[in-house]
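*Asks:* Can you keep this structure in mind? I'll have questions shortly.
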């Protein structure tokens, strides 16, 4: 007998039929002799509907009251799923975030879990009940309801799995697992059987939105074995764990990220401390810089380019212009980043050259290159991004 | 500076405009220098919508899960109203039933309040905040959410007013107060300035559905001064208190109740203990008997008639038929009860005769009569009920 945590997103519980589908998956797991804790999100469009209600009242509603409002979404889901489980003969009980023991800091709308008091969940499991927990929410020290922000339900599920030392945390989605590239856009993609936490983190940060990064980081920290699988098609998904089988594949995936802005500063002094000053200014404004490229100095001057998210580009520009030394600054928002990820690639230099060959064959110009132990990224024209991903995928996987 | 509790029902907060209307009433009360606690129900049709969602899942959902589900309705209202109050510059904070300190017994869907822990409400009031509390809900000893059943939000409001020794508990509705009869059906009705708790209880039980009886009983027990008034028309309403001004009116109201069944048992033994046996049987089944009429015994036999709610008539019939002694039983569901209520009437015998005269003038046959210290009720044909109420009202008030 194992302890399994199963998490279902909003589309998996969006209506009566989907709720019963989830109930059957849960009941089958329970009937197979496992203890089961289920974490669910708000139904379908519920959260959007609630946000719209708040927007009618105020353009800038209090964050505390937003959390009070949004937390109702998951509370509706847990009660309905528990009713469905009871209806098919599987004894279940629903718990809100605060009932399940989620304690958080005070950061309304993006709270961090500080502690999970597992007494209630454990006692319900001891009574052989399936425990249905509202994801995305907790309680702070003021006894006020908080929400965990984007991807919060995944984080809730991993936190429960970590605290209860669950044997596995299954994240049910509308895809069957993690693929070598986006199956909707690239031919011949393959579903991965296993992938490491670090690989998953790189893929997620590159726009492969299967799992929220925060939940993967938490799973890595507490070594919680994750499985990404489909709630509609009952086949094995992709397991995310510390050490993954190699499966004969160095490369785990090809991904693109179109949320990229390239900022270039011309004619900065070519002297010690310049980079420190520039990136210190940006760090003060919480701007996350990704790739950095620096020209060779000439006549005491050099050029520096870096990438950041498009939403942060305007702030970055303003900060730099306000500083007298870096006024010759421009931004390019027509770029994209394509990347390959795989823990095995660092000892195989041929991988990078194959990636570059695929782009060369397709006349795609590479503007910037960045490498890490498990990732190679190239900045290219956004119009070439889909073509590049397909070409690289064909080159590496066919 | 006074402490005022204000309660608004679901239609008063059904949409954005109504929410801001309520916010303005609350803000005006607060700006006048009062501490204000607001109790709100779920918006408009929200509760019905949630019940429909549950009905899709199960014909007999767990009562605990129903309470988990339904409690979200008020939670949505309190957050939206708090946002609206903040938006118009009135600092407000929302509290769920459990945050506000409502502790109840374990009777899901119809819980009774066992205790109100007022620390949180009091500390928010001390910070000069308007406190917006979710009505209808509480927390039981298992740390599970409960709901208080029908009229629960009124009860929540009165409980807060009692615990905090509020100066007044205002119940805002869609009528301007308590009238001498239903203004939609009777000409020349008058709004009462004041009425006693007992009179209000009699009127409510007679179908004048302005205030829930449970909340009036609680207000009487803790001597909480109530005011019934309109959320749309800002004029003084009706005050419900222990001793009301006489206003020159002996009679406070004329009401009808069409939820009446008359059950008649023929030929029961005319001997000691008969009534005890019959009404003991009915009490065991929790059937509330209202008026009882007994014929004079003849040949060792007598007839007994009584009234109960129509929903309980079938059970009453079955119970009596199953008992060998009372098989000769029949039910009449074509009746109604018309009543006059007023604490002053007991010392004025002319009141009863005026009531009977009004019915006689209109050829209305009186089937049963019942009197108490503050009420006279007559059972008549249901078809005559509206005519009877108008005739009695004209006779007593014109």
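Quick reminder: no glycine exception, Cβ is built from N, Cα and C everywhere.
Got these off TrEMBL a minute ago, pasting:
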type	residues	note
BINDING	B:7, B:8, B:9, B:10, B:173, B:174, B:179, B:184	ATP binding site
BINDING	B:47, B:74	substrate binding site
DOMAIN	B:263-334	domain 'ACT'
DOMAIN	B:340-398	domain 'ACT'
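Map these features onto the structure and tell me what's around them.
*Replies:* The Cβ of residue B:10 (ATP binding site) lies under 8 Å from the Cβ of B:41, B:42, B:43, B:44, B:45, B:46, B:47, B:77, each on the same chain and at least six residues away in sequence. The secondary structure of residue B:10 (ATP binding site), as reduced to three states from DSSP, is helical.
For residue B:74 (substrate binding site), other Cβ atoms within 10 Å of its Cβ number 32.
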*Asks:* Given the binding-site residues B:7, B:10, B:173, B:174, which pass a C-beta cutoff of under 8 Å against chain A? Sequence order please.
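*Replies:* The answer is none, since no candidate qualifies.
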*Asks:* Closest of the binding-site residues to residue B:74 (substrate binding site), Cα to Cα, picking from B:7, B:173, B:174, B:184?
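*Replies:* Of the binding-site residues B:7, B:173, B:174, B:184, B:7 has its Cα closest to that of residue B:74 (substrate binding site).
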*Asks:* Just name the winner among B:7, B:184 (the binding-site residues) by count of other CB atoms within 10 A of its CB.
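*Replies:* Compared across B:7, B:184, the most Cβ atoms within 10 Å surround B:7.
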*Asks:* Count the other Cβ atoms sitting within 10 Å of the Cβ of residue B:179 (ATP binding site), across every protein chain shown.
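*Replies:* Excluding its own Cβ, the number within 10 Å is 23.
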*Asks:* Tell me which residues of the chain lie with their Cβ under 8 angstroms from that of residue B:9 (ATP binding site), as long as they are six or more apart in sequence?
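*Replies:* Result: B:41, B:153, B:172, B:173, B:174.
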*Asks:* Based on the record's binding annotation for ATP (B:7, B:8, B:9, B:10, B:173, B:174, B:179, B:184), what whole-number value in Å is the widest Cα to Cα distance?
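*Replies:* The two farthest binding residues have Cα atoms 24 Å apart.
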